[in-house]
């Protein structure tokens with residue numbers, strides 16, 4: 001069996017530990033399907049817990065479950081003993097333990113050399129444990145709650161088996177998606193949108209699951225085809241630095257483009273697993289006839305990201321559920337009552353996201369770059385919105401420039417996320433004269449100097465029309481301000 005595993009691993013270009021993880025990861029699909037056949041909530045909670053423990057053991061070894069036990073224990077103990085402050089306690093202790101594991105294992109180096117450990121799964125589990133504690137903390141509050149807080153808060157402490165089942169069900173701790181304890185409980189109990197009868201039939205998950213599996217197969221095939229042609233080691237190769245500027249910039253684009261397909265594959269498999277279990281169901285469309293939506297399972301919009309129109313849309317398309325978590329549990333909670341969010345909230349959220357990924361310089365630089373990238377894109381958008389409808393061509397030009405800016409800065413920035421080390425990150429950025437840092441900073445500075453106002457006409461006969469246009473423009477900006485922070489992070 002060992003020789004067969006080794007030969008299979010060599011044939012697809014991965015190490016044996018990575019192959020073992022991939023096999024267990026794909027196994028989450030039949031494991032999640034079997035969940036549907038079990039009777040009663042208690043049996044399902046127990047199955048979720050035991051199947052998660054077994055998959056973790058087969059993927060990473062016995063020590064993985066010991067690592068998972070630490071944040072799970074800390075979170076539950078804080079809810080049991082210190083409810084009034086359990087959210088903050090779990091946040092600090094959970095992130096503290098995760099950072100300790102990042103430092104001890106240095107997983108980024110292991111992944112680059114073909115190894116794998118439980119740190120990636122611990123990252124997802126940490127977010128679930130923290131959100132559960134914060135929502136139980138919110139259960140004490142009666143005023144000043146946001147819509148998300150009202151929806152997700154927990155009045156009653158979950159039982160221990162419910163809690164462990166939530167943390168480990170469907171193998172979702174491997175790569176996400178992150179979801180809420182309240183949704184897990186309603187799903188298991190058959191309540192809320194999962195309450196089905198003759199008038200409200202259960203949606204079939206099979207077509208959506210097959211679509212996700214086809215997407216996963218395509219993404220892995222493209223990744224395996226591209227990765228030998230664009231190795232990350234090229235950034236410190238003297239030959240690369242002898243290339244002309246445009247060729248180096250093009251290589252950065254293709255390196256970033258190639259790396260994304262690996263994540264598309266992983267998230268497509270996890271999407272199939274959550275859909276087949278039924279947990280991914282998020283309601284019905286308003287079309288006729290209505291169709292089931294599976295947004296809860298979706299972690300990436302592949303085409304939406306590859307053809308993104310502006311940097312603001314990237315968190316809406318990439319690692320969607322983690323971005324939503326960062327919005328609800330970091331970004332929104334840093335906004336002072338009665339004040340608008342600003343660059344501080346954005347930067348702080350991106351910093352938390354960077355620390356969550358690990359303490360490599362490349363991660364820190366990437367997420368600071370992301371904050372600059374989004375802020376620069378906001379400037380272009382505001383200039384675009386200030387152009388009157390009569391100058392539609394100029395408006396379209398600025399829209400294209402926002403798209404080009406996003407493509408350039410995104411693929412420049414993500415090199416740091418891939419190579420991780422400070423030396424390689426600065427070498428790759430310096431090879432293109434830090435163009436992806438200079439442009440966003442320049443735009444931010446210009447945006448503070450050139451503050452466009454909505455176009456107006458002095459003709460009295462157009463006064464009413466202009467008031468209408470200004471109201472529409474104000475509405476667009478309000479929508480943008482709400483949309484921008486909706487999902488932030490990586």
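Keep in mind that glycine also has a Cβ here, set from the backbone N, Cα and C atoms.
Since the structure is predicted, the reported quantities are computational estimates derived from the model, not experimental observations.
Some features that TrEMBL has for this protein:
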TRANSMEM  12-35  transmembrane segment
TRANSMEM  55-74  transmembrane segment
TRANSMEM  86-106  transmembrane segment
TRANSMEM  208-226  transmembrane segment
TRANSMEM  263-284  transmembrane segment
TRANSMEM  360-381  transmembrane segment
TRANSMEM  393-420  transmembrane segment
TRANSMEM  432-450  transmembrane segment
Ranked first among 86-106, 208-226, 360-381, 393-420, 432-450 for CB pairs under 8 angstroms with the transmembrane segment (55-74): 86-106
Contact call for the transmembrane segment (263-284) and the transmembrane segment (360-381): at least 3 Cβ pairs under 8 Å, seq gap 6+: no
Contact call for the transmembrane segment (360-381) against the transmembrane segment (432-450), three or more Cβ pairs under 8 Å: yes
Among the ranges 12-35, 393-420, 432-450, the one whose Cβ pairs under 8 Å to the transmembrane segment (208-226) are most numerous: 12-35
